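A.B. asks: Structure provided below as structure tokens; questions to follow.
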């Protein structure tokens, strides 16, 4: 006959919680039970089951059946069927069995439903039953189930001890569960009116640190005293280690001082945890201070702590102190870790005390292969080939040599001048069935490269590839650079592609060398393809690398591809250097993008980079053609004059361009600066100067005198004394006179002063006087420009110069002297300093 089981309806909606950890109470009936016996459901006798159904149903009988089956679903149906039977009532033991079975099967929702049902039924001893369940789930580390049971306990307003909460929080922290679970337990404890202990707050602080809630964790640490809890050794261990793990060493040192000021005595766990942390940070003084305090407190350090201190001492070349600690370990009968002897040998080798290292091993009767390998490596690093051979021979004699020993010596031989010896030793290795390591091949490759035997180096590299090995960073860079220097660019590309496939990065300088070689030979597209491998291999690109590619693309007139390279540089955060900026500006000039050129120039100058003169000249030229020179006036005034990179031709182009664009004041200012530098403007710039300086009314008068035949009028000489207005800063003297025929100049340092002022030109002493004829610079008015060129072989000393001006006396009032001194132009009326001398 078919058995029909009515379902058990649970009216309470179950909330989902997270894992936990606790202490637990005992349950008398539960202690008599064997949970989850290894009896399969199929082994359950049908006769026993029929007897169970026909006889009077009891909780003990139900428990036996539940324990006899592993089928959880069958157990649930049986439990629900029993619930609706007359004269049957579940007790805490039956609930205990079904809840535990569901929890261990991971059926959390169903398990929580029965927990709430147990609380609702108020079965006798339900609190102890739930606490026992909590205990068992914690023992089995079923923390999700334990949290649901805790929620049911709080749902029934059951009293839970502080020990249960602390145990649950501790296990949650130990299992590194999420912060939400820890806060749930803490909040339930607060709701229950339970005052937290130091252990409670320690668990909370540790969970906050694990969740990277640094500020909240430190705030909880600062508020511990307000909550009636004094921080203990575990508190400081948590805070200090967490701060150091997050690179906040300075704050950890503050907390360490607070620990000392508070008088908190660290325990063994604190020392064994914190001392190694400071050793790894190379904070040797702090570690030694804690170590001395540890011994003062009669706490015996373990071998691990000794070993890390010895390692840190050796890394700081304090080998004598390390040996003292090693002696202490022997007195305490502590077995030194394997690395201790290696650390001491490394310390001796780092301080160039190779003999002391050898005597340390011999006197201590140390026959450790690793220690002797460290000694052998020390001799090799020091370049002592003879000493390295002696150590190696002793290792072979004592039969403690291994593959590393052979490879160390072979690398030393490979890097020594005698390459042939390394090949002989390599043959000896092969005969001895010693397999050369990858590092050994790397050393041999370097040796071949330095000996200019690149074909042999490539053969060795082929053997490396055949074994699917890869070279180290130094030999890799050396091989690529040597291949490029010997113009074997394709071979270098193949090496780069193979090594990149192994995710080996190439040194930035070597990759730049390779790219430059490709671009020089016109293989720009290959260079661009190699860029795609840099991200995969971790190779960094310098600005010089990108500049080489940009120059190659510019020469090939692939300007669109050039823009893509620039965009890649911005994405990767690679700054543009001077060459890259100049190539970018030149490419924009080539397509007439004057506006973008100005933007690039501004950006370049803002980064302190100065364009070369060719690029700047081309930029000024295209801006002049497009009448856009005024756009770079602010840049010119702010940067260009500061670095003085404009040539005279650029000045003239700028002056004429911005004058024609209507910026006459700025043009005049540029002209003044040009003249201040001692540079003579070209003819068109001269014309601008004269037209802006000579008054229009005087121009008309001068132009009216253009066709006057002055040779019919009597000629006179006028001696001019300009010593009052001339100085060493004077650069130009500009004379304009309608009847000007010429100027005689006499420098007192070139000849004796004759005092001859005769009007007869032929009577002037020509050896002492030099004659300058006028030109038509000022609107066809005869004029003369006298330049004082500092540093030249014919420098005029203005204070010692006399002028004899040949012209008409009646025109003396028309003479104007334009004197350019120290960057500004002053115009003076001639008769203030002139004197007429009669013949």
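Cβ from N, Cα, C; glycine included.
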A.B. asks: From the ranges 724-748, 749-773, 774-798, grab the one TrEMBL calls region 'Disordered'.
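C.D. replies: When 724-748, 749-773, 774-798 are checked in TrEMBL, region 'Disordered' belongs to 749-773.
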A.B. asks: Mind checking which residues of the chain, 6+ beyond the ends of the repeat 'PPR' (472-506), have their Cβ under 8 Å from one of its Cβ atoms?
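C.D. replies: 438-439, 442-443, 445-446, 449-450, 452, 454, 457-458, 461, 465, 513-514, 516-518, 521, 523, 526, 530, 533-534, 536-540.
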A.B. asks: Can you work out the mean pLDDT of the predicted model over the repeat 'PPR' (232-266)?
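C.D. replies: Across the residues of the repeat 'PPR' (232-266) the model's pLDDT averages 91 on the 0 to 100 scale.
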A.B. asks: Can you name the far-off residues of the same chain, 6+ from the ends of the repeat 'PPR' (232-266), with a Cβ under 8 Å from a Cβ of it?
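C.D. replies: Counting only partners 6 or more residues beyond its ends, the repeat 'PPR' (232-266) has Cβ contacts under 8 Å with 198-199, 201-202, 205-206, 209, 212, 214, 217-218, 221, 224, 273-274, 277-278, 281, 283, 286, 290, 293-294, 297.
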A.B. asks: With helix taken as DSSP H, G or I, strand as E or B and everything else coil, how many residues of the repeat 'PPR' (368-402) land in each class?
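C.D. replies: Across the repeat 'PPR' (368-402), DSSP assigns the residues as follows: 26 helix, 0 strand, 9 coil.
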